[in-house]
Amino acid sequence: MGKLLILAVFAVLLSVVAYTLLDVCDKMGVFRKLDSVKPGKCNLIKGIEYGSEDISILPGGLALVSSGLKYPLVPNFAGDQPGQILLVDLNQPVLKAVQLRISRGFDVESFNPHGLSTYIDEDDTVYVFVVNHPSNRTTVEIFEFEEEQNSLLHLKTIQHELLHSVNDIVALGSDRFYATNDHYFTQGLLHSLEFFIGLSWCNVVYYSPSEVKEVATGFRLANGINISPDGRGQRATG
């Protein structure tokens, strides 16, 4: 009788593990049929040594790239090298990435950039919003892009309890944005396991100086977010 009980419990656990693995594989697109495409000739852009997490392309053909993200449980090839915002001029025949200097007063050593978005004001000022994870925290850094100096002027750091695990961001103004939280738990075992056990508790948050609120929820892993050119529609992956 005892052996039968052990076998029954083992069978149940095995079924749960198998279901979880199949569910994760399905959500990650393992069984998805892919169509072959020919995008044309691809070229390696020199100067991006530690990966590219996100990119925002300005109307004039300049691309801003966040690079060097260090993330829990993900191999780190950058060592102690801080994260960077890189500039790529897509108008040049030979593409290369140049690191943008960041103004004094900003803690560059703990810079750990994730998602990135840009907003151009009526006076052509370019604001750069960067999701930052310094010391296992989440902040949103707002910079002004100074093209002639190849630099970023730090304007503001935003931190809020609803912006607890931000992955990506889309700017709506000089101080307004939507952001995705890719985890519900911020640390510990549940932070690592919540995706695998099927918790759909991730969300999208709207931020402005006068109001911060959740605008969408029910995501298993809220990741990228963007907005339509007319500003009327938002799209988030998860």
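A Cβ is built for glycine as well, from the same backbone N, Cα and C atoms used for every other residue.
Annotated features, as they stand in TrEMBL:
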type	residues	note
ACT_SITE	HIS114	active site, proton acceptor
BINDING	GLU53, LEU116, ASN167, ASP168, ASN223	Ca(2+) 1 binding site
BINDING	ASP54	Ca(2+) 2 binding site
SIGNAL	1-18	signal peptide
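Shown here: features listed in TrEMBL, placed on the structure.
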| residue | record | DSSP (3 states) |
| --- | --- | --- |
| GLU53 | Ca(2+) 1 binding site | coil |
| HIS114 | active site, proton acceptor | strand |
| ASN167 | Ca(2+) 1 binding site | strand |
| ASN223 | Ca(2+) 1 binding site | coil |
Cβ neighbour count within 10 Å of the residue listed as 'Ca(2+) 2 binding site': 21
Length of the line joining the Cα atoms of ASP54 (Ca(2+) 2 binding site) and HIS114 (active site, proton acceptor), in Å: 7
Binding-site residues (ASN167, ASN223), the one with most neighbouring Cβ atoms at 10 Å: ASN167
Residues near ASP168 (Ca(2+) 1 binding site) in space but at least six apart in sequence (CB under 8 A): ASP54, HIS114, GLY115, SER117, VAL131, ALA179, THR180, ASN223, GLY224, ILE225
